[in-house]
Amino acid sequence: MQGLLNDWRRTHYAKETTPDIAGSDVTIMGWVHEIRDLGGIIFVVIRDVTGRVQLTAPSKKVEAEILEDIRKFRKESVVAVRGLVQEAPKAPNGVEIIPNEIKVLNLSNQPLPMDPTEKVQAGIDTRLDSRFIDLRKENVSAIFKIKGQMFHTIRDYFYNNGFHEINTPKLVASATEGGTELFPITYFEKEAFLGQSPQLYKQMMMGAGMDKVFEIGQIFRAEEHDTLRHLNEAISIDAEASFMDDVDVMKVLNDMLINVLTDVNDKCSDELSILGYELDVPKGNFPVVTYDEAVDIVNSRGVEMEWGEDLSREAEKALGDSMGGFYFLTEWPSAIKPFYVMPQEGDEKYSHAFDLMYNNLELSSGATRVHQHDLLVKQIEERGLNPDGFGSYLKAFEYGMPPHAGWGLGADRLTMVLTGSENIRECVLFPRDRHRLTP
Ligand code: ATP
Ligand code: MG
């Protein structure tokens, strides 16, 4: 049986058509990026996932039938071309292809909903409405190639360091940290919610003896605010490890991020240069600032902040201006951290919680967790929550729960840092925000 493509198969990607294969016949497949018909000669730029290559069709060298077919090309149609590679110093990659056979695989409608060649700049809403075309732009797809490398390096790091990958449910019966920020859904005859964090499940895996676990998965937050760093659906990279404390898991996070920055810098240099972005790869340990010090820094910069408050946006900016780059913010007041965070022994006003920041952007929150059942119940009650709602979670703390610590790291926010993006929507294929549920 003949397959759909018969004997048409790609032999080279655009990027592989270089002067050292001049003289060979190649088959390329991709999108019609640009057509310039000068009468006696037609230039067509074909684009694929790797880049662009130019077709040059002079009427003297190319059969009339092929010229006629090329004239039927429409921008963004999908085509396959067989032809001879010739050196052409001015063309992309320094070569051009003289076509000897062409096939239109799928014609594109005109006009296009947006221009993928960036001749006309489109706003973010237009771009997101036609995201499939927007992603054809190399400065947009570069972000997702970098994001892919980020996940690759993170998985490698975890697997090389004895972490087990887990998947926890996203349909949940109760809140992780209380009732706000949750999307309620109908679950047959019951009310349920979309999970806002794998927190309780990854802790239960410590009680299950899994030792070290990680999960890369969706989190859902019904936050009303419409900012450049919040979405209602985000990807969280979560780690939890037994017989470790906050200092240990900060080290894990620090080491893992240095690996990510190093790999992205080395392996995504093309994408970074497309974005015109230079990545700063710090060495060694990120600086640490305590919450008390942060309050002083923020106030000294003319932004009012009382001890015991969470950082306002202005406070984050003042602190970011003072610290710069990656830094840990440690020794948070217990009262503004969740119930599962371990208070400091002897001075319970302070906790073993930390955040990882990049300039003024929070990337991660983590802590040593409470592993003692009764303390956990007390902390749940102190926050006005009902321990009955946490029955199956609390049970895991009654039969041998080891001391443990962990963190959650926002993958889309980390992608902003890796790509120099100001808006988190740039770093998510199909973002979900207060106003957007499609595509
Ligand atoms: P913020 O204070 O910035 O709203 P948070 O403290 O509520 O964040 P955590 O519950 O600590 O967030 O979640 C851990 C990490 O997950 C955050 O540091 C962030 O990187 C990411 N994250 C949390 N909420 C969102 C969101 N709505 N959109 C994108 N990423 C998020
Ligand atoms: Mg946080």
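Every residue, even glycine, has its Cβ placed from backbone N, Cα and C.
Annotations in TrEMBL come from automatic prediction, not curation.
In the three-state DSSP assignment, the secondary structure recorded for Arg221 (L-aspartate binding site) is coil. Taking all protein chains in view, 19 other C-beta atoms sit within 10 angstroms of the C-beta of Arg221 (L-aspartate binding site). What TrEMBL records for Glu177, Arg221, Ser365, Arg369 is L-aspartate binding site.
The DSSP secondary structure for Arg413 (ATP binding site) is helix. Sequence-distant neighbours of Arg413 (ATP binding site) (same chain, six or more apart, CB under 8 Å from its CB) are Arg229, Ala234, Leu361, Glu362, Leu363, Ile424, Cys427, listed in sequence order. Marked as ATP binding site by TrEMBL: Arg221, Ala222, Glu223, Arg229, His230, Leu231, Glu362, Gly410, Ala411, Asp412, Arg413.
Marked as Mg(2+) 3 binding site by TrEMBL: Glu362. For the recorded site, Glu362 (ATP binding site), the DSSP three-state label reads strand.
Annotation comment: TrEMBL describes Glu362, Ser365 as Mg(2+) 2 binding site.
Residues or ranges marked as domain 'Aminoacyl-transfer RNA synthetases class-II family profile' by TrEMBL: 144-439.
Within its own chain, the region 'Aspartate' (199-202) is flanked in space by residues 166, 168-169, 176-177, 213, 215, 238-240, 338, 340, 390, 393, 406, 408, which lie at least six positions past its ends and keep a Cβ under 8 Å from the stretch. Among the features that TrEMBL reports, region 'Aspartate' is placed at 199-202.
Taking the Cβ of Pro92 (site 'Important for tRNA non-discrimination') as centre and 10 Å as the limit, one finds 18 other Cβ atoms among all the protein chains shown. Among the features that TrEMBL reports, site 'Important for tRNA non-discrimination' is placed at Pro92.
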Euclidean distance between Cα atoms of Ser365 (L-aspartate binding site) and Glu223 (ATP binding site), Å: 17
Recorded positions clustered about His230 (ATP binding site) [Cα within 10 Å; pool: Pro92, Arg221, Ser365, Arg369]: Arg221
Sparsest-packed among the binding-site residues, when each Cβ's other Cβ atoms within 10 Å are tallied, from His230, Arg369: His230
Helix, strand or coil at Arg369 (L-aspartate binding site) [DSSP, three-state]: strand
